[in-house]
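Q: Residues annotated as coiled coil in TrEMBL: 552-624, 676-703. Look at TrEMBL and you will find 201-214 tagged as compositional bias 'Basic and acidic residues'. Marked as domain 'HTH APSES-type' by TrEMBL: 32-165. Annotation comment: TrEMBL describes 172-223 as region 'Disordered'. The feature repeat 'ANK' is assigned by TrEMBL to 428-460.
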Amino acid sequence: MDSPINIGDITANSISHRLHDTHLNTRCISTVNSAIYSGQKFIQLSIKFDNSKPPSDNEIIILRKVQDSFINISQLLSILIHLKHLTTQQLETFLNNEILTNGEYNSSTAIPQVIDLRNKKDFNPQLRGIWISYDKAVNLALKFDIYEFTKKMFLIDVHDFDNLPKATKRLHEEGDDKEEEQDNRMSNTSITGSPAKRQKLNKDIKKEEPKQEEQQSSPKESLQHISIINKLIGKNENYPFTLPPIMANDDNAEIANQIRFKLGEIFKQDDEGSLTFQDIKSALEPILERYPLETICDVPLDQKKQTALHFASTLASLNLVSAFITLGLNSPIRGNINGESPLICTIQVTNSMEKGNFQDLLVNWLYLDIWLLDNKKWSILHHLASQSKLKFESSKFYMTKIIEYIIGNDRLLYDLRENLINYQDDEDGNTALHIAIESESKWFIKILIDLGADINLANKRDVKSIDFEIVKDLIGNETGEEFENEHIFELIKTGVEFLTKRLEINGTISEIEEPKPVEQVAVIQEDQQEETTGSSSTKIFQSIQQLLSNTNTEYENILNSKREQIKNLDKSLHDTTISTANNRFVAKKISEKLGQLDNLKLQIANITDKLAFAKQELKDVTETSNGGVLDELDENKEYDADEPFLIQPIYERLVKGESVDDLKNDQAILSQLQPKPILKARIDAYKQINESLEKELNTLLDYSELTSKFKKVVSICTGVDINEVDELLDGLLEAVEGQQ
């Protein structure tokens, strides 16, 4: 990681001191204090931007834990909201997309890299938010150019906690009433404790979390939604394609109109995402009670035969998607008239990326659509590669999240490499790699090749991916310098290596079985036996039956325990894959920084040698010119560029004011002059140099005029005063150089 002292100061200073009309030019007052919240030690940074406003509206408090240096990134990035650089929604989206669902922040569950305490109502308000490790917090501060505001907190030594001034009483006011009640409980499950304690806290947090899913579905339906979706796999007789859309007819026209009207009302009410599962269920209850589920399921709402789930997925409305599937109103594997699944509708727009809920939609509700094709035999990979040319950022985001989900399960990664990656469409026989090449998207080409796309697979025109120079260049560039900062490539590499090794050992990847419910057999009581049985043989038979039932129950329990162990081992393997990829990525970055450091040391050594050599040359020249006597070198001394062309006897007399005519008649002066040819040569040389200087002066004058015009154009375009254009351009140049 870059040194905060060096890199932070260079990037922040160069921008904040030179760029105008941006939040980076804002001045603030920051103080560092020691603080204790709920029995835990923190380093507290208080930032004030405007002293004229009350502290409650003007002050931002950022906490850093003493024990492990975790930093509340929600508080840190709130600086951007205060400076109106981001909105609250934009910040929430960034936290969801780039931290909470980012594989780079995932690691072994024993040592979490991120802790989410945003919704802990019984926690001290100052402790709520998302906490991440020190190095990642520094990187984000540098990324958003707010390091200059917060560097006091980063550069403080946690061992100086006792020497810092204590935070004032006012800073503790919020939440103080509950603080005493929480001290004992929080001290036992401190988030600043050892990794084992943090793991225990995470488990406690999950138990104490508000039941947010109740807003979307009832507890019973939350437990059933996974089984509901899994049952749909067996119903897709059209696999690997989506189910064809339901065709409207006169028999269901009235029902379809009623459903369209009711769903229209629901979509209007859900503009702000305020509808809960119970609200949606209550709105649809009259229809659900009146008609059989088979009659109203997947009713098309428009000419493209899109269902309500297609529209909800396009809008990235998580509560509508979950409710429609849970209620059985829609199937996630139903296609529209083009065979496009709800997941395809999601990735064609940026709503889910902007709302930060794509991973929730994918992992919980739309994951089956990854493996389905549309009517053109296009997979999700074809669609992403196709739209990457016009919508690169959103396509890259969706592709990254899908890959992170797939790599979390070796079976899914195996299916992707064996089946999905090389699907060829019906029209031209193009794979997703062919489409990515047509879009000239190096990122997608690299991703698909690393995932195992066949570069020698020809389409119907007998064109192979390897025939294109862009593919040859990427294959030849084994170091992948263009993508060295992309964590996803390290994750793919590690996932494929783990999968390959597992296949070498086991030969295949089996499905992970979920623990199955065990039916409890009722025990027949003695009095019931006496009433229902009249012979000893019957009693013996019932006893044997009861014994077999108990044995079967015990056997099923043993199988369930083994299934649970296998599931946990698979989860451990997944955690190890993520952790290994992250460690490799960090190790690569450290290696790169060490290489850069070695280069800088070599450059410094070369410069030092050149300076020493230049000084020695100057020393030798000076000794020669002074007959072996070395004058002390004065680096600050001014030198006359015209001195070599001066004729000293004449020059000294002219300086004293003597006339030229007197000098012409002075034989003593004339006798000291060099021969005539030499003097002519010196005059010609001086004229040539003077002519060259005049040309350069004219060039500079023309350049100055051109620069003046250019500055005027920049001033008009940017609205910056013409006298400040130089500072603006200098700042932009330094900002770009600082980021390279």
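Along the chain as shown, residues are numbered 1 onward.
The backbone N, Cα and C atoms fix where each Cβ goes, and this holds for glycine too.
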Q: Mean pLDDT for the repeat 'ANK' (428-460), as a whole number?
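A: Over the repeat 'ANK' (428-460), the predicted model scores a mean pLDDT of 95.
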Q: Go ahead and report the DSSP secondary structure tallies for the repeat 'ANK' (428-460): helix first, then strand, then coil.
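A: So the counts come to 17 helix, 1 strand, 15 coil.
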Q: Can you work out which residues elsewhere in the same chain, 6+ from the ends of the repeat 'ANK' (428-460), have a Cβ less than 8 Å from its Cβ atoms?
A: 379, 381-382, 384-386, 388-389, 392, 395-396, 399, 403, 416-417, 421-422, 466, 468, 470-471, 474-475, 480, 482-483, 486, 488-489, 492-493, 496
Q: Helix, strand, coil: count each for the residues of the domain 'HTH APSES-type' (32-165), based on DSSP.
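A: The counts are 58 helix, 30 strand, 46 coil.
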